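Student: The structure that follows is given in the form of structure tokens.
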């Protein structure tokens, strides 16, 4: 604030640095301890460096790792399907709000309710409903459904933001040139919002890959990652849990960075095309 | 040869999948919880007969009061800490960091730790707070204590620490969003009138960030009131909150009593959120 650095700037910088330490400190412990030597335990000091805990994880006789491999595959599969559905349904509902329509308030507030009701109730309610209908939970309907109740409201909000920021002039030009509403969507709106739609896919994936409160009771047989890890928390006695942590973080990093790159490439390419046309 | 669809019908078609999912998987299930709370139960089964026993148990039990006292105490701690910390961080990033690039980098730095999965972030506190953890080692090394402090881990303390670790950004995000909308000329005007930095914060910034504050508070309330996993893991099953009680009953297949407890907790949470929403037009806030 103002033009010169005040004392408050230095005080606040210190607080912010301390906060980052508070956020990162524990995680660096995880990464470091996952390379603990074969005789090391779950806390410091490090007794040598080794990759033995990663090997334990990947060899068949891994002690104390439960069913991590399969739950990872399940989480991946579930996350990908939920992300795809989130993207499609999210774009559709976002487009619907570009006009006022009867029932719009109902749709909007049902999403708000879904966001503010603690997840455990949504999950419990779905499993009770299945129970009353005499059905058993299965990952491909109640599992996916439960995740959608969490990812879709966020997709709707993301659509609000990206459609709100869109320059309406392009669309009006297309209308003036006689484009039908489908052509308008295909050639004007979709290319404009594409980076945001990719972001929505990503948000759908990460939220459902991570989510346990809603899905927990509705997955049926076979855990997903967060459930498997929660189950292992109490039983963990070796750094093998930390190896899992390091690997899943690495996976997430790769995924998010790849998406960001893809998204910026889309934006850049569009800007290049636009500027070359204007030149 | 496109067939004509009226704008209203087009909107309905576009919103239909979303509305269907929200109705069938959120609204109806929440209704079913209420219905089941009035039913009798046997071992792992729901008996569809009207029964008030679940409700009598919930409302008469002193355990109910105890769990609510515990969760409200946790909420008070977590809310206060995340609010002060979240406000400070947002204020620093929005008003003290002048370069847009650095602001983006700092914001990203705050977000990156959340790419590590939740249970792993919880377990990452064990090597720090445990009896042989870094904190105890450091305190003993500094000669401040003779023997390890045992209440650092598997206690209400570790529950609060992990909540703050996980939720501060949920509070800081909406507050920073509100702060970013404050026009720099407003701040400049206060500055020109000779307001000190503290006066500007109290009389200009705080009144203008009400929406962000409300949204952040709602995130904290739903997260703390509705969580059972974190409390169970970080307290080593020693702290009992309403959500933990519900999870325990669900795990024991006692669905109707769990449903009655759920309705109580749901009413408490929704009342709190409803009161907060009276102070801010959520729809207007989100559309901008």
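Placement of Cβ uses the backbone N, Cα and C atoms for every residue, glycine included.
Automated prediction, rather than curation, is the source of TrEMBL annotations.
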Student: Check each of the ranges B:57-75, B:76-94 against TrEMBL and return the one annotated as transmembrane segment.
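Tutor: Within the set B:57-75, B:76-94, TrEMBL attaches transmembrane segment to B:76-94.
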Student: Transmembrane segment per TrEMBL sits at which of B:194-212, B:213-231?
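Tutor: Within the set B:194-212, B:213-231, TrEMBL attaches transmembrane segment to B:213-231.
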Student: Of the listed stretches B:12-39, B:106-129, B:149-172, B:213-231, which one has the most C-beta pairs under 8 A with the transmembrane segment (B:76-94)?
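Tutor: Going through each listed stretch, the top one turns out to be B:149-172.
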Student: Given a Cβ distance threshold of under 8 angstroms, which distant residues of the chain, six or more beyond its ends, lie next to the transmembrane segment (B:106-129)?
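Tutor: Contacts of the transmembrane segment (B:106-129) (Cβ under 8 Å, skipping residues fewer than 6 from its ends): 89, 93, 97, 135-136, 152-153, 158, 161-162, 165-166, 169, 172, 176, 229-230, 233-234.
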